[in-house]
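Per TrEMBL, topological domain 'Lumenal' is recorded for 1-14, 36-47, 117-159. What TrEMBL lists as intramembrane segment is 15-35. Per TrEMBL, transmembrane segment is recorded for 17-34, 55-73, 93-111, 123-140, 160-179. Residues or ranges marked as topological domain 'Cytoplasmic' in TrEMBL: 69-95, 181-198. Per TrEMBL, S-adenosyl-L-methionine binding site is recorded for T100, A101, G102, E182, G183.
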Amino acid sequence: MDAFVDTLQDFVQNKKALVACVIVMINPLFWNVVSRYEYKTQKLSRTLGGPKRGCATLAACILTLNYVRTATFHKTVDEFGYWEPLHNGMVQALGYLIVTAGSVLVVASAWKLGFFVSFMGDYFGILLTDKVTGFPFNVVRDPMYFGSGLVYLGLSLEHASVVGLVLTSCIAFSYAVAVRFEGPFTCQIYEERNKKSD
């Protein structure tokens, strides 16, 4: 247990580690701020030549930030090493299983929603005709967020990383905050659309 506490203390006292926490949490904040700005102003759509181009540009930014987040996660996990009690075949196998389950949720969500809606297209006026209710939306409420969180949890277990678990907690917290803002706002967008069509 001493090694666990020592690793956490090293992490908290390391400025690079705290920067890593901020980096892994920034994605949802970024895409929610930009999406709401677009919804209220349509500036991206007008500047870039239409809603699909605006949304594709946001998607490119989100994917780039995701790459940076994942690279930061791996670099930080590698830098702090592993925690001996988690460093065994059973935990590693569990990690692989969790990564697989999370990946299935993320890919299935993206497949069901399509490219544009996966990347905040509804804020650009690119709306689905009907609410998606099939798999994976009938298994968990926010499968893309939940699946992504599972991927990072699984990676942490694969690497027997206390620091990975801390970073995963940061990611989960940022997703929980994002869902509190995103869910109701997305419902509002569709309600407004339905009122206009009545």
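Yeah, the Cβs are placed from backbone N, Cα and C, and that goes for glycine too.
Sequence features annotated in TrEMBL and their locations in the structure.
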{"residue": "T100", "record": "S-adenosyl-L-methionine binding site", "CB count, 10 Å": "13"}
{"residue": "A101", "record": "S-adenosyl-L-methionine binding site", "CB count, 10 Å": "16"}
{"residue": "G102", "record": "S-adenosyl-L-methionine binding site", "CB count, 10 Å": "22"}
{"residue": "E182", "record": "S-adenosyl-L-methionine binding site", "CB count, 10 Å": "21"}
{"residue": "G183", "record": "S-adenosyl-L-methionine binding site", "CB count, 10 Å": "12"}
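Counting Cβ pairs under 8 Å to the transmembrane segment (55-73), the stretch among 17-34, 93-111, 160-179 with the most such contacts is 17-34. If you average pLDDT over the topological domain 'Cytoplasmic' (181-198) in this model, you get 80. If one looks beyond the topological domain 'Cytoplasmic' (181-198) by at least 6 residues along the same chain, the residues whose Cβ comes under 8 Å of a Cβ in the stretch are 32, 36, 39, 122-123, 127, 131, 142.
For the topological domain 'Lumenal' (36-47), the list of distant contacts is 53-54, 57-58, 120, 123-125, 185, 189: same-chain residues at least six beyond its ends, Cβ to Cβ under 8 Å.
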